[in-house]
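Participant: Please read through the structure below; I'll follow up with questions.
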């Protein structure tokens, strides 16, 4: 039996005892029956009213439990729906009071979870708003009064992290751009003019809106400043070139140039202003010395005429060059012409340098060819003969290569320009062919002259006999010895002997001995001594040492040996 049932039985027993006790009291007092009935009805009424009141209270409690249970269920279902959680399942076989308690506890937990999520959402919304204000971006797009799910909160957290990362990047970019902008403005001596420029330069970095448009505007501003700086540098460079040109033309003293040198390096606004002022001053000075300036420009024009290999007709086509009317218009024409020539030279610099290289090599080749025919080349002491022959051989190989390379470049240039590339008024390759042809003709002419000279000398020797030729470079050391020629019986044999001696030549002394004309009597041989190569003393050992190098070259170098043999055949001393 339950304790409550035991207590109920005890309550009934107590009530019975109380009624019996009341009855005993009434009997002792002697209360009549009708009054006992009345008093018993009063006791019954009191007991009944008390029990009814208690029953009513308990019924009210039951109703409240049922209502609370229904309310908690409804609240729980709503919270589960808002929090996107599964509905709480009731436990079977429990009392109404326990069921209400369990549901109420679950509802309280759901309310706390909802409050926690709403608090997180509020914090995230505040961060998102701050980032939107800084980055000028669109809010995340979530209602502040809606209960977010766990997935929604995670996504929101990730969005905030991405926004913070983007903020850091844009702030770093903004800081970098701001430094460059401030630097360019300082170099340009420029102050912020627009409100945007003031916000960038003057305001605090944290207050600047790091929107994409603002970052783009910063980049655009930086590009404008860079262009402005480049324009200033270009203008400064142009003014410097103009100033340097005018200094040279006007022959400005070095002291004045050094005093102005600080503006010839940097390109700030103050430097640009100073350069413009100097150009204006020099232009005014140029007008005062216009003749000297024009003469200086003409000297430059003449230099570029040579560099560009212009023909006489092309040079004479610029008629202002020969004018004596020194005016501002004439100066302008000369300025335009020198600029045109400079541009023309720069446009075709590679070709002109190639042509110049060929001409330098050609002149050097002609000089070596000329030296090759000089008899004094065998008297060198430093091995120059072999060096010159090697250099001439190298030039014979390199000149065709240069011509071939220039031909390819000229063909390409002519196809692009649609006109001929001329040097000194004619096509370069035609000019080269003419130079080679002139060289060939000159060689033939020299060879012909040598043959004529040889023939003439042979005729003279046949008619008049041989004569002693004075050496041109070096004499033998020592005394002359008498001629030990055999005495002949008649004059004819003496003449023939003298004629045969005309072919003997001394390589060391460079002399040729021939008989005197007219021939003295035979008795004169006893008193007069004629030096002949056969009767001379041998060369001094020191002289022989000096000529060892040339002897080795004559014996060992096949090009020189052929060249030497050619001259001996032609009848000239080598």
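Positions of Cβ are set from backbone N, Cα and C atoms, glycine also.
A TrEMBL annotation is a machine prediction, not a hand-curated record.
A quick note: this is a predicted structure, and the numbers were derived from the prediction, not measured.
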Participant: What range among 237-264, 265-292, 293-320 does TrEMBL record as coiled coil?
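Facilitator: Checked against TrEMBL: coiled coil maps to 265-292.
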Participant: For which of the residue intervals 514-536, 537-559 does TrEMBL record region 'Disordered'?
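Facilitator: Matching range for region 'Disordered': 514-536.
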Participant: May I ask for the residues of the chain that lie six or more residues beyond the coiled coil (265-292) and have a Cβ under 8 Å from a Cβ within it?
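Facilitator: Contacts with the coiled coil (265-292): 187-190, 229, 232-233, 235-237, 239-240, 242-243, 246-247, 249-252, 326-328, 331.
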